[in-house]
Amino acid sequence: MSKGYYSILFSQTTTNLGFSLYTMVVISFLFKMTNSTTIASMVTLISIIFRIFGSAILPLITIRLKLPLTIIISQLIQMLLLICLFYALLRTYSNQTLILVFIIISCISFFNGWFSPLKSAIIGEIISPDRRVKANGLLSTVDQTFQFVGWSLGGLIIAFLGEGYTIILTIFLLFTSLLSLLFCLPHGHANSVIREKNSPNKSIVSGWRYLFSQKKLRTIIIMDLIESWAGMIWIGSVSLAFVNEVLHKGESWWGFINGAYYLGSMIGGFIIYKLSERFQNKLINFMLIGAVSYGSLTLIYGFISNSYLALILVLFMGPAYILRDLTQETLIQNITTEQTRINIMSARSSLVQFIFMFSILAIGAISDFLGVRLVYVSAGILLLVSAIYGFSQLQFKKKVNKHISF
């Protein structure tokens, strides 16, 4: 792997670790300040909305700036905004302070929405197609490991250091991420291709048009959208409700369930990294296997009440999810070109987060009126529908067309 790849790997790790701490700090601070669960929970919704906006306008930036420079600028601005947030946390409570905190959160989320599509586009440009499965597998393994550490130990870190010093730790993590990008990322390579000089409107629309113009890409995106509706099952409030109401366990088991899922994801990413050569030439097959496995396990999980069996199922869900997710990511990187990749990644990120936002809003009603068990059952059905659709479009039609050609 190139030096630029390890720069992205280190940057993603420190950024996501920092933002797991940042999210917990902000939610904890707002809850203590207002004693309102509703206001604290608004952090997630506002973050998603502004990440959508950030991803949507990213093509306007990348027609003028190289991808490495864009990702460096986004990290620098987020670091400066975190410094502003640190000073906001020191202020005494007032409505003005509350508004200021939410403005800073919105701005941070806007620029944070650039990171994922930029990362995927840069990996697609600096890594050759025959090594992308391995590259994405290692990225996922390291990322899941440090997110697990962040979310597991975040509460202890905040309790020990306090909100202010935890934000300082987050700023330090983003600073190290920025240094890695500055000194290791090959600024002259990525985004070196000649791009069409489109108008701002065309630059934004082109990504959305590309999403549905190529058959394989269109199928993967539609699968993505269906799966996004099912993504709400791992929202903290939903998984905690399932543990309490269905498994009849407390918060400790909620931690075990979350830990098992992250552990499974780490194992899945490591397996894909080690066996990348076997996956590389059969991406569609393994994507569909992962989709069917994840959907089936989720559906079964929705019907059970045994906590130990639930733990085992969640442990296996992790590798199934990672298998589906990494093969989808690699397929998109392989299908797209350097001229279109960032526009497609930006449009995809915006669309998936938009659907996910609505699934969050819908999940409360489903859970309250029909019960949290049905949430997981319906999610499992949606995931299987996505897998069946993918099989019908990518495998069945291919076999039919081959048969007709003879």
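Placement of Cβ uses the backbone N, Cα and C atoms for every residue, glycine included.
In Swiss-Prot this protein carries:
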TRANSMEM  7-27  transmembrane segment
TRANSMEM  43-63  transmembrane segment
TRANSMEM  69-89  transmembrane segment
TRANSMEM  98-118  transmembrane segment
TRANSMEM  155-175  transmembrane segment
TRANSMEM  220-240  transmembrane segment
TRANSMEM  253-273  transmembrane segment
TRANSMEM  297-317  transmembrane segment
TRANSMEM  352-372  transmembrane segment
TRANSMEM  374-394  transmembrane segment
For the transmembrane segment (155-175), sequence-distant contacts whose Cβ falls under 8 Å of one of its Cβ atoms, 6 or more beyond its ends: 14-15, 17-19, 21-22, 24-25, 28-29, 75, 78-79, 82-83, 85-86, 89-90
Residues from the same chain, set at least six apart from the ends of the transmembrane segment (374-394), whose C-beta lies under 8 A from its own: 215-216, 219-220, 222-223, 226-227, 229-230, 232-233, 238, 242, 284, 287-288, 291-292, 294-303, 363, 366-367
Dominant neighbour of the transmembrane segment (98-118) in 7-27, 43-63, 352-372, by Cβ pairs under 8 Å: 43-63
